[in-house]
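Working notes for the structure below.
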2 protein chains.
Amino acid sequence: MTVTSWVPVPAGSDFPVTNLPYGVFEPAGGPARVGVAIGEHVLDLAAVLDEETFAQPSLNTFMAQGRERWQQTRARVTDLLTDEAHRSEVEPALYRLGDVRLLLPFSVADYVDFYASEQHASNIGRMFRPDSPPLMPNWKHLPVGYHGRAGTVVASDTPIVRPSGQRKPPQAEAPMFGPSQRLDIEAEVGFVVGAGSDLGTAVSTEDFAEHVFGVCLVNDWSARDIQAWEYVPLGPFLGKSFATSVSPWIVPLEALQQARVSTPEQDPQPLPYLREKQPWGLDLDLEVSLNDEVIARPPFDALYWSPAQQLAHMTINGACLRTGDFYASGTVSGSEPDQRGSLIELSWNGENPLTLKDGSQRVFLADGDTVTIRATAPGAEGTRIGFGEVTGTIHPAREELS
Amino acid sequence: MTVTSWVPVPAGSDFPVTNLPYGVFEPAGGPARVGVAIGEHVLDLAAVLDEETFAQPSLNTFMAQGRERWQQTRARVTDLLTDEAHRSEVEPALYRLGDVRLLLPFSVADYVDFYASEQHASNIGRMFRPDSPPLMPNWKHLPVGYHGRAGTVVASDTPIVRPSGQRKPPQAEAPMFGPSQRLDIEAEVGFVVGAGSDLGTAVSTEDFAEHVFGVCLVNDWSARDIQAWEYVPLGPFLGKSFATSVSPWIVPLEALQQARVSTPEQDPQPLPYLREKQPWGLDLDLEVSLNDEVIARPPFDALYWSPAQQLAHMTINGACLRTGDFYASGTVSGSEPDQRGSLIELSWNGENPLTLKDGSQRVFLADGDTVTIRATAPGAEGTRIGFGEVTGTIHPAREELS
């Protein structure tokens, strides 16, 4: 059986009917509400399903309703979009994607950023601690992570103003103040928690799909010079907290069943609470573009710690989950030089600047640069599903802060 | 002129009419709403002022209205509670504190924890890096801080379940899993943001009082063994994220005008964005009790970085503020041994265990221990105002996580 929609879906579209990602859109003149992407359209769920749940400027109300409701809704939307009998009823609720504005799809509760790619963590270790083992002693025992700033998680295409702050080059006697000179990207994959958990309980790796609603793309912009000066001993703060961009579409976990793979072999074997009975690695192919030129293709299936392991670790101390909690994988890097998900790795800390097609070179981002991250994954029925994109353009630092 | 209330205020009460801190309370059978503490009572603001703003289970709606509204409200409440003419109208809206339940007073947006006490940072440095300078090179140039977990900021008196997690004693070959053996307190002072700011702008030290609504007490519970194993290189995570307790009353900045003092001399002079024209140090006297026995009296006026400097730093990269953003000072420690705000400092990492009056000894917290933090400050009219208390009792680790 091939599932096809009566809504035309162009070949190569990110949004065949086997995907059906959720987002929040604003039609011309209308208030924001929840929709599902299909081909080149978005379906207004408030119009065809349930006003109270979907006539909302965020997915949180729907996400809080839990997995059974997510499954029912997906089945119902699939039915509406594949059975011609619904066409006359549903067609008026379709908007062309080009005619609507896409917003941040959920209201962020807490934001956690992990560091789960062995290649990324090793690359950073080799660059900054050349005389030590590339990984810290804890790295293969637990998914290292930290809390980021939820209030500066922004929608795709939000302008990224170059941050100012303190930096101290190694040879300088004292720190100086000004716009970051080492503005970087981090290509990551994000996980959105729908159903919360109680304070004092832990969420096991097996309960991952009971809590996590879906997956999106993340660019965790990073000011390497600010970060390098501030981060000892309490971790990254202002070097990260100015902006984190997320893609407008949340791909439901259910659409990713065919993308599930085992993580790479974990040696040493992790402690019991981190073991997975069923694999939650994901075979996503990322693609990072700088000014419309592909500069990296990071493979997510190489990630050492799966998102289910990250969730189990995050709650093992009894920390509760809330609807809208959001966690990202950390920079996704593969083993090949063109699979690295940050400029600091791609340029090897400036030793090998990137040369773009226009002849210009980059070690870090220049004002006016646009970075776009895309990804695809195997979907049901032999389809390929996509995540849309997360994009952002660098604006100059504000003068009064220069 | 002496300002007194027609509501009886016992001598030594934390809540004379010169204080008027805000909280959220739940009367028997009634929904939660905003109130102001006066003596041994709480005044229901929804009943005497404005239903829409104060018949809410958090202060956020009121806090978002901005400083002018905060000032008007304080003036009006002062009038209601001091002018006998209002007595018959107001008296029915007074509840005895013993008859109501006090809740978490605000909905937390982002939570940031600083590390702003020189004595605390130096003590930690001396214990853990005896062969290096006690302070890191960045410490006197910027207020070091990191994001904590907003979703586990809890009301005073919430049970604190001993967290489980990974720890690795220095002599162990591999990490082990189980309940924390080094559960500690951190006596801190917290600042609650009322009025937000725009993404891409910085908030100057001079605009502190335009944004910060008030001040409360914080116990940032810490599992030192979990923290020690996890925190390199991205900072504290599960060692802190299981619980942060806050006091039920938010003392408005306006009640603390007489408590303002200069910070200790700052050498080297900080960069311009961190300089203060008007001092925002605060002369608060903290008192930490373990099982009703005072174990420390940390002085907040010794804090190196003022809360206005912390706010300016937190936003200098353009990070926006939201109503409900919350930041804490970090452990408050003075220069004397009995002025230290954590057990790891009070016991000097176990070298000098505390002996309690019942003859038992403590290096870290035992199950059943209750920790309470109180504070007072100079108020208007020669009064002494108090912060109430933040308290919490340690419950055993959950069996399935042991």
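Here the Cβ of each residue, glycine as well, is placed from N, Cα and C on the backbone.
Fair warning: this is a prediction, and the values are worked out from it, not measured in the lab.
Feature list (source: TrEMBL):
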- B:19-105: domain 'Fumarylacetoacetase N-terminal' (DOMAIN)
- B:112-391: domain 'Fumarylacetoacetase-like C-terminal' (DOMAIN)
- B:D113, B:E186, B:E188, B:D220: Ca(2+) binding site (BINDING)
- B:Y115, B:R129, B:Q227, B:Y231, B:T331: substrate binding site (BINDING)
- B:H120: active site, proton acceptor (ACT_SITE)
- B:D220, B:K240, B:T244: Mg(2+) binding site (BINDING)
Of B:D113, B:E188 (the binding-site residues), the residue whose Cβ has the fewest other Cβ atoms within 10 Å: B:D113
Binding-site residues (B:Y115, B:Y231, B:T331) in Cβ proximity to chain A, threshold under 8 Å: B:Y115, B:Y231
Nearest-integer angstrom distance between the alpha carbons (Cα) of B:Q227 (substrate binding site) and B:T244 (Mg(2+) binding site): 15
Sparsest-packed of the listed binding-site residues (B:Q227, B:T244, B:T331) - C-beta count within 10 angstroms: B:Q227
CB contacts for B:D220 (Ca(2+) binding site) [other CB atoms within 10 A, all chains]: 26
Fewest other Cβ within 10 angstroms of its own Cβ, chosen from the recorded positions B:H120, B:R129, B:K240: B:R129
Integer average pLDDT (0 to 100) for the domain 'Fumarylacetoacetase N-terminal' (B:19-105): 97
Counts of helix, strand and coil residues, the domain 'Fumarylacetoacetase N-terminal' (B:19-105), according to DSSP: 41 helix, 23 strand, 23 coil
Cα proximity to B:Y115 (substrate binding site), best match among binding-site residues B:E188, B:D220, B:K240, B:T244: B:E188
Of the binding-site residues listed as B:R129, B:Y231, B:T331, the one whose CA lies nearest the CA of B:D220 (Ca(2+) binding site): B:T331
Additional residues surrounding Mg(2+), by Cβ distance to the B:D220, B:K240, B:T244 centre under 8 Å: B:D113, B:G148, B:R149, B:T152, B:E186, B:V218, B:N219, B:W221, B:S222, B:S241, B:A243, B:A328
Alpha-carbon spacing, B:E186 (Ca(2+) binding site) to B:K240 (Mg(2+) binding site), which is rounded to whole Å: 10
Surrounding CB atoms that lie within 10 Å of the CB of B:Y115 (substrate binding site), all protein chains: 22
10 Å Cα neighbourhood of B:T244 (Mg(2+) binding site): matching recorded positions from B:H120, B:R129, B:Y231, B:T331: none
B:E186 (Ca(2+) binding site): tally of other CB atoms within 10 A of its CB: 26
